[in-house]
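Taken from Swiss-Prot as is:
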- 73-83: motif 'Phosphodegron' (MOTIF)
- Ser75: phosphoserine (MOD_RES)
- Ser78: phosphoserine (MOD_RES)
- Ser81: phosphoserine (MOD_RES)
- Ser87: phosphoserine (MOD_RES)
- Ser123: phosphoserine (MOD_RES)
- Ser177: phosphoserine (MOD_RES)
- 179-204: region 'Disordered' (REGION)
- 262-308: region 'Disordered' (REGION)
- Ser279: phosphoserine (MOD_RES)
- Ser293: phosphoserine (MOD_RES)
- 294-306: compositional bias 'Low complexity' (COMPBIAS)
- Ser322: phosphoserine (MOD_RES)
- 377-483: domain 'Rhodanese' (DOMAIN)
- Cys432: active site (ACT_SITE)
- Thr508: phosphothreonine (MOD_RES)
- Ser514: phosphoserine (MOD_RES)
- Ser520: phosphoserine (MOD_RES)
Amino acid sequence: MELGPEPPHRRRLLFACSPPPAPQPVVKALFGTPAAGGLSPVTNLTVTMDQLQGLGSEYEQPIEVKNSSLQRMGSSESTDSGFCLDSPGPLDSKENLENPMRRINSLPQKLLGCSPALKRSHSDSLDHDVFQLIDQDENKENQVFEFKKPIRPASRGCLHVHGLEEGKDVFTQRQNSAPARMLSSNERDGNEPGNSIPFMPQSPVTPTLSDEDDGFMDLLDGENLKNDEETPSCMASLWTAPLVMRRTNNLGNRCKLFDSPSASCSSTIRSMLKRPDRSLEESPGGSRKRRKSVAGASPEEAASPEKPQEILHHQSLSLASSPKGTIENILDNDPRDLIGDFSKGYLFHTVAGKHQDLKYISPEIITSVLNGKFANLIKEFVIIDCRYPYEYEGGHIKGAVNLHMEEEVEEFLLKKPIVPTDGKRVIVVFHCEFSSERGPRMCRYVRERDRLGNEYPKLHYPELYVLKGGYKEFFLKCQSHCEPPSYRPMHHEDFKEDLKKFRTKSRTWAGEKSKREMYSRLKKL
């Protein structure tokens, strides 16, 4: 009766019970005769497969040594080739506790599974799952190896946070993706004192890491940080903590910068924003004498023991000088009460008028000037009648000059200006029928042209006035000073053609003037 092919379980049983065959050459084992047990050449080759080491080499090796060869050594070839997971052996377990090694980013973290550097217990479980059948069954070639399903790794942010809190517990074991031979040189240097490498948070932007990193980890940074990163307590306190209002006394400190510590802030602010008050004990005459002496004295004499505010006040007066050096009380008076060059106050008493930027005088003032009341103070008193010629011929103030065109006024006053002598003033008064439009416009024009022709604040005619109410009001109050003593209004029925002619001429000249000014401005640009 012929025997059929032997089942696989019987072949395992025969291998376990039969003694090891006698050592014979490899070629003989491959092509020799069947064994005494009646095994076929294929079965004999299967039995003696674990004894083959290479052609021409001896296979005399005990079974215990063969089994021990399956144990992982300090440098695992399977780890270096990337075919199997690896866990730290007895050679490098102590050194890895002192100097952790960064994993070479050869694959994305999700594909490598949970790194043993994060959880030691998980690495032990992986090692146990892979190598738990070594001691139970010696014939590993007939069993199929299955990798453990990888799980989601922890994010970098969590690794950094827990690594700082737990110390070296996170890096107690070497990561599987780094070969053991790469730790040989670094571990020896790390054992020396002063050569320990501190753990630093690493980023793929760093030049040293970009050379070795293949870019897989950058794809997972954003997702890991969104899901696993928690808000720090310091940031949470910004939303939950109550608001605290703190008032800083910056103004007080700024005020006390040049003051004594005992000085109050209110008095300092008052001294900064307000003009220094004059002492009640000083008389106007005494202060005037003191100012004159300081203005003409040397720097040594000016540094006399006085109040600091008075010294600053006197220095400002000495710096500002008029053509004759007679500017006084400039800080004690309102600039609006000073004439155009700020050298002195107005001579006449002014009244309120239609235009606030101009000074108006009453008809009685002009009457007093014509009567010679201010002869010792005035060198020249000029009255400019800005009405049209037919109005001027119908009645005007004695001594007035009829100039209704701006170019005529500029030719009369500014081409050959009147120079004051002996401290006497030159006063110019403008008026029209009501002193509401033509007179004020002519007064502004003269001041504007005078400013352009002189260095500020010097002026040829610093004192200008406008007659309040115009010629109509002057005629009603002071008819005796009018020649002829009559009044002809602008809208007279007999002079409609003259009115139309002069108005057209004035508007045309005004338009040409505006064009000339526009051209001059364009040339300056």
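Glycine is no exception: its Cβ is also placed from the backbone N, Cα and C atoms.
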Identify, in sequence order, the residues in the chain of Cys432 (active site) that are 6 or more apart from it along the sequence and have a CB within less than 8 Å of its CB; answer 'none' if there are none.
Asp385, Cys386, Arg387, Arg438, Gly439, Gly470, Tyr471
Quick one: DSSP breakdown of the domain 'Rhodanese' (377-483) into helix, strand and coil?
40 helix, 26 strand, 41 coil
Please compute the mean pLDDT of the model over the domain 'Rhodanese' (377-483).
95
